[in-house]
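A.B. asks: Dumping what TrEMBL says about this protein:
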- 55-264: domain 'Calcineurin-like phosphoesterase' (DOMAIN)
- ASP61, ASP94, TYR97, HIS263: Fe cation 1 binding site (BINDING)
- ASP94, ASN132, HIS226, HIS261: Fe cation 2 binding site (BINDING)
Amino acid sequence: MVVAMVAASMASGLRTKAMAELCCYLTVALCAFLIPSFAKLTTIEHPVKPNRSLSFLVVGDWGRKGFYNQSEVAFQMGRIGEKLKIDFVISTGDNFYDNGLTSVYDPAFRDSFTNIYTAKSLQKPWYSVLGNHDYRGNVEAQLNPILRSVDKRWICMRSFVLKTELVDIFFVDTTPFVDKYFTDPEDHTYDWKGVEPRKNYLSSLIKDLKAEMRNSTALWKFAVGHHAIKSLGHHGDTAQLIKFLLPVLKDNNVDVYMNGHDHCLEHITSMNGAMQYLTSGGGSKAWRGDLKPDDDVNHSAKFLYDGQGFMSVEMNENEAMILFYDVEGLILHQWKISKQLRSAV
């Protein structure tokens, strides 16, 4: 029924063969990748390597049709991805500038994604969340499984859980948490279909996150959102996430929170807890030049780079190695997290 409804809405010029291929992709997207869950958040399963390890890249704030060094960052991602034999890529949002996608036929999808990340090593699933710029476009278009008929790597939802034998990764739709997009949107128009009434949406999301995290038996727990909880970049801390999301992460012993939004690379560690805050928002336009001072007595900035780049994670049952790279692929910072002891390398 869903496929029939989608097919009816498409342009009449599509041929039978193309429609058959589309139906096949929809079946894959709606059935093969989605695992039923008692909680409301969609759950996706991804296998680990035969040696029970996992490796992936993290990039955010990238979709600029190759400009602002997006293509250069993509090239280095391909090189590192091949070296690490990555299993997937995580996008921390702001996938398409400046105002998301207009429809499932928007050429920006190919121009900023398919035609940019062409390396063989990057032909793996891209698990993506939405950023505030994505909410300025047609949100449903970016979430629509039809896009998988254009590029089967694309997996984007508001909030969901990626489960592996090593780590459960909780993807969180952070944009609706931020008050200013509702109270002072300036000249921007946001697509809040599926979000309003906002209070109910956020209450349900927090409830579902609590349930999924509480029921998780994974060795590691990571979380991904577009907006930072802690940051010394241009946008800084997100007050609403500190108030509503951070307590949920702490109560459920989440090891790492990864985000974009600030166009920089950043690692902040908690002085009174084990959580690491990692910003990977350097996928294209960067160099704002307005970093904030590190004067929070409860947190310590281990690394801050006001420039373009990305991040990699290699992990097994005992430890996770996190590396940050610049636009030339040079390692800028690395950090090893152990389940017994967390220490710098």
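FYI, residue positions are counted from 1 along the chain as it appears here.
In case you wondered, yes, glycine gets a Cβ from its N, Cα and C as well.
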A.B. asks: Radius 10 Å, atoms counted are CB only; among the binding-site residues HIS226, HIS261, HIS263, which position scores highest?
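C.D. replies: For the binding-site residues HIS226, HIS261, HIS263, the Cβ with the most other Cβ atoms within 10 Å is HIS226.
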A.B. asks: Around HIS261 (Fe cation 2 binding site), which of the listed binding-site residues (ASP61, ASP94, TYR97) come within 10 Å, judging by Cα atoms?
C.D. replies: ASP61, ASP94
A.B. asks: What is the separation, in Å, between the Cα atoms of ASP94 (Fe cation 1 binding site) and HIS226 (Fe cation 2 binding site)?
C.D. replies: 8
A.B. asks: Using Cα coordinates, what distance in whole Å links HIS263 (Fe cation 1 binding site) and HIS226 (Fe cation 2 binding site)?
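C.D. replies: On Cα coordinates alone, these residues lie 11 Å apart.
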A.B. asks: Determine which residues of the same chain, besides ASP94, ASN132, HIS226, HIS261, have their CB within 8 A of the center of the CB atoms at the recorded Fe cation 2 site, and list them by sequence.
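C.D. replies: These residues sit around the Fe cation 2 site: GLY60, ASP61, THR92, GLY93, LEU130, GLY131, HIS133, ASP134, THR174, THR175, HIS227, GLY260, GLY281.
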A.B. asks: Cα of HIS226 (Fe cation 2 binding site) to Cα of TYR97 (Fe cation 1 binding site): how many Å, rounded?
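C.D. replies: Distance (Cα to Cα, whole Å): 14 Å.
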A.B. asks: Sequence gap of 6 or more, Cβ distance under 8 Å: name the residues on the same chain that satisfy this around ASP61 (Fe cation 1 binding site), in order along the sequence.
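C.D. replies: The answer is THR92, GLY93, ASP94, GLY131, GLY260, HIS261, HIS263, GLY281, GLY282, GLY283, SER284, LYS285.
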A.B. asks: Restricting attention to the domain 'Calcineurin-like phosphoesterase' (55-264), give the mean pLDDT.
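C.D. replies: Average per-residue pLDDT within the domain 'Calcineurin-like phosphoesterase' (55-264): 98.
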A.B. asks: What are the non-local neighbours of TYR97 (Fe cation 1 binding site), defined as same-chain residues 6+ apart in sequence with CB under 8 A from its CB?
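C.D. replies: Expected: GLY63, ARG64, SER112, HIS133, SER284, LYS285.
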A.B. asks: Neighbours of the Fe cation 1 site ASP61, ASP94, TYR97, HIS263: Cβ within 8 Å of the Cβ centroid, same chain, sequence order.
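C.D. replies: For the Fe cation 1 site the neighbour list reads GLY60, TRP62, GLY63, ARG64, GLY131, HIS133, GLY260, HIS261, GLY281, GLY283, SER284, LYS285.
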